[in-house]
Amino acid sequence: MTSRLSDPNSSARSDMSVPLYPTASPVSVEAYYSESEDEAANDFLVRMGRQQSVLRRRRRRTRCVGMVIACLLVAVLSGGFGALLMWLLR
């Protein structure tokens, strides 16, 4: 269902349509729940909680690895600049 702008003198184009209802976003296969399945609502919520925990742990692990790499990079660059400075001042 769409509504059309009826005022031909408006600054907007007259053939522009505006949806009355937002389009449905695609449902993730992992988050799909149906009453016809053998899974109870409580089991579904437990499964979703576990999936969210896994995603949270993965993000935390990725952030930690990134921080370690950044610290190592800063240490190597600092050591390189220190060695260059000592070589130039020798």
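Heads up, the Cβ atoms here are built off N, Cα and C, so glycines get one too.
Remember, it's a predicted structure, so these values are computed and weren't measured experimentally.
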Check each of the ranges 10-19, 30-39 against Swiss-Prot and return the one annotated as region 'Acidic'.
30-39
From the ranges 21-24, 45-48, 53-56, 81-84, pick the one that Swiss-Prot records as motif 'Internalization motif'.
21-24
